[in-house]
Amino acid sequence: MARTPLIAGNWKMNMNHLEAIALVQKIAFALPAKYFDKVDVTVLPPFTDIRSVQTVVDGDKLLLTYGAQDISAHDSGAYTGEISGAFLAKLGATFVVVGHSERRSMHGETDEIVFSKANAALRHGLTPIVCVGEPLEVRESGDHVEFCTQQTANSLNGLSAEELAKVVIAYEPVWAIGTGRVASAEDAQEVCSAIRAEVATLAGTDIAEGIRILYGGSVSSKNVAEIVGKADVDGALVGGASLKADEFATLCAIAAGGPLP
Ligand SMILES: O=C(CO)COP(=O)(O)O
């Protein structure tokens, strides 16, 4: 099944709202419209930047989309510091990352919390990018496939098949995040295909074949072609390389099969 590649730039805690405007404009300038027929591109800035990004995307009629790095499981009320999916939807957000390993580890986000956040995203018409991935000790023990399929099942179990069809999953081995130690394309394929098989048990083969599964962890313009070229890898969740306009645009163009004539 042909799945349009998705490249998502997770800016993490970088770029104030003015820097965000400049970065989005530079990415748009460096990535001509013709690429957007072959790759979906989204940027995930800090919450404080989203309104500014919306303004420049809408004002300049840019083809890239944008979203958030987290979401509250709740819709409104006494949840100090949290951000409702209703507010993100109002800002024109498309995607929202849930269960990033940095939130799982530093904020105690369990699979159950990740499930509730994915649910909240879907409730507000947002596409959750549900992150799973093993720590180094699990990789070294050879239990990474079982770990990731279990994390996938626990994070998505309870969604209907129709809801699951709307989800993006990102496989991000923790030992590859921010380390420059990128998983091999074969590593990515092994786990992404196992995740797809797990989704098939949850929601059937058609839905499993239709969803996009991304790889994340030290992706750059130098390694993205081989990784996204794998049968079950449908794009990338990019951290550091998404903060440099030319590097990110080049990475997106490669994922689109470019350079295009
Ligand atoms: O965590 C990541 C994206 O969500 C990956 O970060 P790096 O690309 O910097 O390794």
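Including glycine, each Cβ sits where the backbone N, Cα and C put it.
Where the annotation comes from TrEMBL, it is an automatic prediction and has not been curated.
Pulled from TrEMBL, these are the features on record:
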BINDING   Asn10, Trp11, Lys12, Gly178, Ser218, Gly239, Gly240  substrate binding site
ACT_SITE  His100  active site, electrophile
ACT_SITE  Glu172  active site, proton acceptor
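Here the features listed in TrEMBL are placed on the structure.
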| residue | record | Cβ contacts under 8 Å, 6 or more apart |
| --- | --- | --- |
| Asn10 | substrate binding site | Leu44, Gln69, Val97, His100, Gly216, Leu237, Val238, Gly239, Ser242 |
| Trp11 | substrate binding site | Ala20, Val43, Leu44, Pro45, Pro46, Asp49, Gln69, Ser242, Leu243 |
| Lys12 | substrate binding site | Gln69, Glu102, Gly239 |
| Glu172 | active site, proton acceptor | His100, Ser101, Cys131, Val132, Gly133, Tyr215, Gly216, Gly217, Leu237 |
| Gly178 | substrate binding site | Ser218, Gly239, Gly240 |
| Which has the fewest other CB atoms in a 10 Å radius around its CB: Gly239, Gly240, the listed binding-site residues? | Gly240
| field | Protein Cβ atoms within 10 Å of His100 (active site, electrophile), excluding its own | value | 27
| remark: Taking the centre of the Cβ atoms of Asn10, Trp11, Lys12, Gly178, Ser218, Gly239, Gly240 as the substrate site, the remaining residues of that chain with Cβ inside 8 Å are Ile177, Val238, Ala241, Ser242, Leu243
